[in-house]
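Q: Found this in TrEMBL, in case it helps:
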ACT_SITE  C329  active site, proton donor
BINDING   G223, E260, P261, G262, R263, Y358  pyridoxal 5'-phosphate binding site
BINDING   R263, R299, Y303, E330, Y358  substrate binding site
DOMAIN    13-356  domain 'Orn/DAP/Arg decarboxylase 2 C-terminal'
DOMAIN    19-267  domain 'Orn/DAP/Arg decarboxylase 2 N-terminal'
MOD_RES   K43  N6-(pyridoxal phosphate)lysine
Amino acid sequence: MASLAEAHGTPLYVYSGEQIDERFGLFQAAFHDRPHTVCYAVKANSSLAIMRRLAKLGAGFDIVSGGELERVRKASRAALKRVVFSGVGKQVWEIDAALDAEILLFNVESVSELELLAERAKALGKRARFALRVNPDVFAETHPYISTGLSEHKFGIDIKQARAIYKRAARLKWLDAAGVSVHIGSQIRKVDPFAAALERVTALIAELRRDGHDIRYVDAGGGLGIDYGAGEFDPAHQVEKYATALEKGLGGETAHLLLEPGRFIVAQAGALVTRVLYVKKNGAKTFVITDAAMNDLIRPSLYHAHHEIVPLKQARGVSVKVDVVGPVCESGDFFARDRELVRVKPGDLVALLDAGAYGMSLASNYNTRPRPAEVMVEGAESRLIRRRESLREMLAGEQA
Ligand code: LLP
């Protein structure tokens, strides 16, 4: 990694292609016995290189915007037919683009969206396959910002109202009520809530079938959590537990299963490599100031998320308690607080681990900082998959 940092500069996102493939393979294997499609959640990391390699393995994609649809088109035109479109605020141009691309499924989140979808489908002469994203009112333990399955959240449609809405939709010939979907939140470590949510969805599907709807898809959403700590983590075991929970929730239901994992596939395949700029003391505190900041990786600032930090050279040595912070002008710009870290000095490289998901995809230009470069490692080889943003590119759209 140190040589990559020398070659491409820092901050630098580095990904392991092999680990991404492996993680995708775990889902394929765990659900082998049932017809399924793994629709990778593009928002977790929308790098075209990552998307293309997943598409080659047969992945579909869970998208939430017209922009992400465009990414699928660039990564793999063949994968367009394996796209599910989620999100509470789809706009006309986005719906039109998705209808035109003949995606697999619209995950509809409100009655007004369903009405708009019917209208646009008619206008374009395309029949729209949809699933209502139901809100199962199931609690899943995670950070409040990324929990979505309770009725107090903005997501989905109250599961109790769903049947009546499907009934109304059946009268519109431009709509094809093809599935039911659910997503209860993200970074969920205990798998029981997934089973509970799916049980409710499966019961609804049985009712819908009795009402005469031809339900072929059940979308279980994403959300399977990883371990951000330093301990042992067995991803294969975690996916197996997840699969067992989903099987339990599905019972005898045989509809084609759609999955929308994001984090689990890419988080641990990525690290953010950054260089120490300064080390300084303020009173009792020692600050390690890195060239990466909250604009490059916002998870610690936004969710108080823990990311392991490891110096690239001296893994062992005297350790000191430090705050690792970036150059952005906010006290919330930190990667770690009061963390025991091997003593580092200006010029040293450190890696923030498990940064492959919701790292680069949430990066911004705050403080007019160009976004990092990204490199994909493949065995002994490596490839620049996105060059560092230049000052010129950053200012290109502006007029003084
Ligand atoms: N499907 C839907 C409808 C979603 O909203 C999400 C994530 C996923 C799938 C993928 O979830 P995953 O498998 O990655 O947990 N920025 C936050 C996470 C936000 C998750 C948003 N929705 C973070 O850094 O923790």
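Cβ atoms are placed via backbone N, Cα and C, with glycine included.
Worth saying up front: this structure is predicted, and the values here are computed from it rather than measured.
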Q: Among the binding-site residues listed here, Y303, Y358, which has the most company in the form of other Cβ atoms within 10 Å of its Cβ?
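A: Counting Cβ neighbours within 10 Å, the top one is Y358.
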Q: Taking every protein chain in this structure into account, which of the binding-site residues G223, G262 has the most other Cβ atoms within 10 Å of its Cβ?
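A: Counting every other Cβ within 10 Å of each candidate, the maximum falls on G223.
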Q: Of the recorded positions listed here (K43, R299, C329, E330), which is spatially closest to G223 (pyridoxal 5'-phosphate binding site) when Cα positions are compared?
A: K43
Q: Across all protein chains in the structure, which of the binding-site residues E260, E330 has the highest Cβ count within 10 Å?
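A: Going through E260, E330 one by one, the largest Cβ count within 10 Å is at E260.
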Q: What is the pLDDT of the domain 'Orn/DAP/Arg decarboxylase 2 C-terminal' (13-356) when averaged and given as a whole number?
A: 96
Q: Checking the contact step here: among the recorded positions R299, Y303, C329, E330, which have a Cα within 10 Å of the Cα of the residue listed as 'N6-(pyridoxal phosphate)lysine'?
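A: So far as Cα distances go, none of the recorded positions lies within 10 Å of the residue listed as 'N6-(pyridoxal phosphate)lysine'.
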Q: Considering only the recorded positions E260, P261, G262, R263, C329, Y358, which fall within 10 Å of R299 (substrate binding site) when distances are taken between Cα atoms?
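A: Within 10 Å of R299 (substrate binding site): Y358.
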Q: Which of the binding-site residues P261, G262, R263, Y303, Y358 has its Cα closest in space to the Cα of the residue listed as 'active site, proton donor'?
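A: Comparing Cα positions, the closest of these binding-site residues turns out to be Y303.
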Q: Provide the number of Cβ atoms within 10 Å of the Cβ of K43 (N6-(pyridoxal phosphate)lysine), excluding the reference atom itself.
A: 22
Q: Of the binding-site residues listed here (P261, G262, R263), which is spatially closest to Y303 (substrate binding site) when Cα positions are compared?
A: R263
Q: Out of R263, R299, give me whichever of these binding-site residues has the highest number of other Cβ atoms within 10 Å.
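A: When each Cβ's neighbours within 10 Å are tallied, R263 tops the list.
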Q: Do you know offhand how many angstrom separate R263 (pyridoxal 5'-phosphate binding site) and E330 (substrate binding site) by C-alpha?
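A: Distance (Cα to Cα, whole Å): 27 Å.
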Q: Who sits close to P261 (pyridoxal 5'-phosphate binding site): which same-chain residues at least 6 apart have their Cβ under 8 Å from its Cβ?
A: F27, V38, Y40, A41, G222, G223, L224
Q: Which state, by DSSP, holds R263 (pyridoxal 5'-phosphate binding site): helix, strand or coil?
A: helix
